[in-house]
Amino acid sequence: MNDRQLFLRRLAAGLKGMPKSSIADIMADYDAHFEAGNAAGRSEADVATALGDPGRLARELRAEVGLRRWEDERSMAAALGVMVGVLGLAALDLFIVLPLLVGVVAALFSFFIVGVGMCLGGGVALPFALIAHFPGFAGDHLQAALLSLGFLSGGASVAAFCALFTIGLINLLARYGRTHYRLITARPSI
Amino acid sequence: MDPNLVQFKKGVLELCVLALLSRSDSYGYDIASRLSDAIDMGEGTIYPLMRRMQKDELVSTYLVESSSGPPRKYYRLTDSGRRSLDVQKSAWNDFTHSVAAILDGQEKTR
């Protein structure tokens, strides 16, 4: 296999999972680059070296797509896309940020679960508090109802706060990805 | 390469592309090889940048038949690309003058 085919094959492998039209577009760009290089009298090996590591280029292109989707949609899938994209791109440098990020995400997740649990618990308890006494609960109906209501709203606000915090975190990560990993490689990829 | 230097180059790459395209429309290989010669960037990094600039509507593309092989994709500055060039260029000039003044030890005292 020659250098051109090898480069294009590795690039295509790295782009797998992106929309077909985008992949075709990108492949056409790099193919045309080889074509023009040939016309200018350069060898395929030379052009391939100057282009850089196709795996890294693919990661840059994918991360860019993920970031953009997050900016357009703000959906859960897009958020995951940013995380995966930026982490994939930054695997080397993120050894410091990664444990921190994992910690924050784990804490966030557990808070979210607790919030949802409290909210559900309060919601389920509320009707019962109105019609019957809880076993072992000293107060009256009103107290029981207020307590359930408290749990319901408390849980809801914890969950809502987690959601807000997650959005902020993803935005931060997106910015981090943009500034640090957009088009970085000056050849041999670092 | 010094990571600082990589950051510098990365930061001005878009400005350089805008400036090149403001003089004449051009195709990917041409942009990539000129910038690679001038500021020693990897040629491959131009394409992710061009895709982003196209989505940001700083550049638009059109195809031109070529005598050999498939038609070539040319990039052209849009109006907002031109505006972005003006803004970035004056910011860059101010900035480099200030930095040069500091490096020469003649910074303005406020």
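Glycine residues also receive a Cβ, built from the backbone N, Cα and C atoms like all the rest.
According to TrEMBL, the transmembrane segment annotation covers A:77-102 (among others).
Residues annotated as transmembrane segment in TrEMBL: A:108-132 (among others).
Using a Cβ-Cβ cut-off under 8 Å and counting only residues 6 or more beyond its ends in the same chain, the transmembrane segment (A:144-173) has close neighbours at 70, 74, 79, 82-83, 86, 101, 104-105, 108, 111-112, 114-123, 125-126, 128-130, 133-134, 137. Sequence annotations record features per position, and here TrEMBL assigns transmembrane segment to A:144-173 (among others).
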Within-chain partners of the transmembrane segment (A:108-132) [C-beta distance under 8 Å, separation at least 6 from its ends]: 141, 144-145, 147-163, 165-166, 169
